[in-house]
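Data block below; observations after.
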Amino acid sequence: MKPATVKAIKNELSAYGFISPFLLIFTVLVVVPVVTAIYLSFTDFNSIQTPKFIGLTNYVNLITQDNAFMMYVLPNTLKFALLVGPGGYLLSFWLAWLLAQIPRRSRTVLALAIYSPSLTAAVAMAVVWLVIFSGNASGYLNHFLMSLAIINEPIQWTQSPHYLMPIMVTVSLWNSMGVGFLAMLAGILNINGEMYEAGYIDGIRTRLQEVWYITIPSMKPQMLFGAVMAVVGTFQAGAIGVQLSGANPTPQNAGQLMVNHIEDYGFLRYDMGYASAVSVVLLIIVYGFSKLCWRLFGESD
Amino acid sequence: MASFHGNKINPDRLSFGQWKFFTFLITLSVFMILPIIFIFSQALKPVDELFLYPPKLFVHHPTWGNFAQLFSVSNVAAVPKTKYLFNSILVTAAVVFLSIVLCSMTGFALSKKEFKMKKVVFEINIIALMFVPAAVTIPRYLVVQKLYLMDSYWGHILPMLSLPVGVFLVKQFVDQIPNALIEAAKLDGANDYYVFRKLVIPMIMPALATVSILAFQLAWNNSETSTLFMSKETLKTFAFYMSTLTTTTAMENNIAGQGMAAAAALLMFIPNLLIFIFMQSKVMDTMAHSGLK
């Protein structure tokens with residue numbers, strides 16, 4: 001063999017040396033589970049006996065038989081995602097933009113305050129929410145509203161089908177300033193100042209025009225990264241309803257999201273084939289929403 | 001032009017024109033940190049203040065009583081709380097270390113090496129950014145079972161190790177290193193390992209700091225692997241123990257338990273906060289290169 005070929009092969013091998021540990025773990029944790037989920041979704045599997053192939057039955061049941069899914073879980077998931085996803089995203093961008101308008105020191109302090117909810121663990125924050133939204137008269141929210149005479153009777157916030165969803169949305173918005181928020185803040189700060197000067201010479205008059213014509217187009221890649229993180233974060237944040245109400249399914253399915261539905265069928269009823277079908281549908285939905293973000297913010301070339 | 005220079009992006013000093021931004025930001029920041037201040041306050045409240053009616057937001061006579069109680073009262077399984085903490089620290093340290101190793105190796109190869117599957121691997125990683133691990137809990141459970149990782153520390157560690165965001169951020173950061181620098185080292189006879197270890201690693205420290213924060217949050221806050229993969233109480237983590245303290249029934253029937261739960265919540269939160277404060281400038285450095293195209 002020519003020395004050049006030997007060198008090329010060596011180079012190739014060395015590259016795989018660097019990349020194979022990641023590929024191995026990625027295969028075991030992501031590829032194999034996704035393939036397994038797709039396979040199990042076509043079977044009847046109770047986690048003890050071997051899976052029995054039943055074709056599309058699970059999907060057919062999901063669409064035609066599962067009242068809870070069609071009436072509550074799917075609408076809840078979409079409602080939750082559409083409120084928390086774009087809501088949290090716009091809030092992140094707005095806060096990042098506001099932060100970029102003030103000097104460095106004060107920015108660092110305030111950015112930390114805004115990011116700090118993302119540092120908390122959901123399991124730990126349950127302490128706060130359960131006490132604030134406690135259903136008896138000594139709950140903080142009940143006491144506050146009763147002292148202002150807005151309500152007369154304490155409200156069972158987390159047990160009420162009426163209030164559970166709004167509380168879930170509020171709590172999720174509260175900790176939605178995560179990695180995407182930091183990326184957007186960095187993106188805004190890194191825009192070249194001359195871009196703005198040029199924009200003002202070209203006739204930009206208001207701050208809104210400035211944001212629309214200069215800031216957003218100059219940080220499209222960060223906007224896209226933030227959007228993808230928002231989509232994934234939103235569909236991931238499923239545990240919150242079960243945590244608040246202390247029950248799966250949540251009271252009258254009011255806060256039931258797809259992630260809870262998967263857990264309910266998979267680990268409480270041991271109908272893992274059916275739960276896998278729900279998983280596959282969830283993965284497709286998340287992928288679809290992410291692709292939509294790509295359409296909106298991706299570079300066209 | 002005057003108005004433009006009056007309030008420009010990233011100003012050098014405070015000026016009166018910024019008051020509008022401060023008004024919004026301070027209001028929102030207060031709203032954001034109120035629940036966190038509440039944990040501090042609740043954790044330091046003596047029992048009589050926890051029972052107080054009407055409830056008061058702030059603590060009046062702070063005490064360490066809740067922490068003492070947290071570590072002295074034994075639970076049903078009689079596992080010392082320090083064991084849960086030890087497990088959490090061990091698992092988190094392993095996850096952070098291994099994530100740094102994996103992400104830096106992969107990021108380096110995806111940025112600076114030429115090989116056949118490069119484009120494919122990078123594309124797959126981008127798709128994986130959109131992946132929701134919660135959707136594959138069941139197959140992951142089966143995988144962990146098949147690999148005989150149930151009831152072992154690896155059962156905690158392995159599921160936390162795929163961090164597509166980390167690989168992506170490191171790769172973007174390595175892209176900033178000029179190729180000429182690496183070529184020069186190669187001409188001097190350095191091999192890939194040497195280039196990676198001595199040249200690349202020192203230059204991507206900010207990205208590695210970011211990966212370590214992300215990995216830390218993931219591992220430290222995680223209670224799922226304990227619930228799903230561990231049947232032995234002595235192998236469970238502090239986050240799991242935390243979750244047992246806050247089940248609705250445990251909280252509502254037991255007001256004294258609320259103070260203990262708040263103390264535990266504070267122990268969960270403080271390490272996250274400290275690490276982020278120490279590394280925040282490096283994180284912002286990394287995030288500047290986080291754009292997706």
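From the backbone N, Cα and C atoms, a Cβ is placed for every residue, glycine too.
Noted in TrEMBL for the protein shown:
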- A:21-42: transmembrane segment (TRANSMEM)
- A:74-293: domain 'ABC transmembrane type-1' (DOMAIN)
- A:80-100: transmembrane segment (TRANSMEM)
- A:112-132: transmembrane segment (TRANSMEM)
- A:163-189: transmembrane segment (TRANSMEM)
- A:224-247: transmembrane segment (TRANSMEM)
- A:267-289: transmembrane segment (TRANSMEM)
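Beyond the transmembrane segment (A:267-289), the same-chain residues lying 6 or more positions past its ends with a Cβ under 8 Å from any Cβ of the stretch are 34, 36-38, 40-48, 51, 54, 58-59, 61-62, 69, 77, 81, 85, 231-232, 235, 248, 258-259, 261. Beyond the ends of the transmembrane segment (A:112-132), by six or more residues, the same chain brings 95, 99, 139-141, 158, 167, 171, 174-179, 181-182, 239-240, 243-244 to within a C-beta distance below 8 angstroms of the stretch. Note on the transmembrane segment (A:21-42): residues 51, 53-56, 58-59, 272-273, 276-277, 279-280, 283 of its chain, located 6 or more positions outside it, place their CB under 8 angstroms from a CB of the stretch. For the transmembrane segment (A:163-189), the residues of the chain that approach it from at least six positions outside its boundaries are 76, 79-80, 83-84, 87-89, 91-93, 95-97, 99-100, 111, 114-115, 117-118, 120, 125, 129, 133, 155, 157, 215, 219, 221-223, 225-230, 233-234, 237, 240-241, 244-245, 250-251, 254-255, judged by C-beta separation under 8 angstroms.
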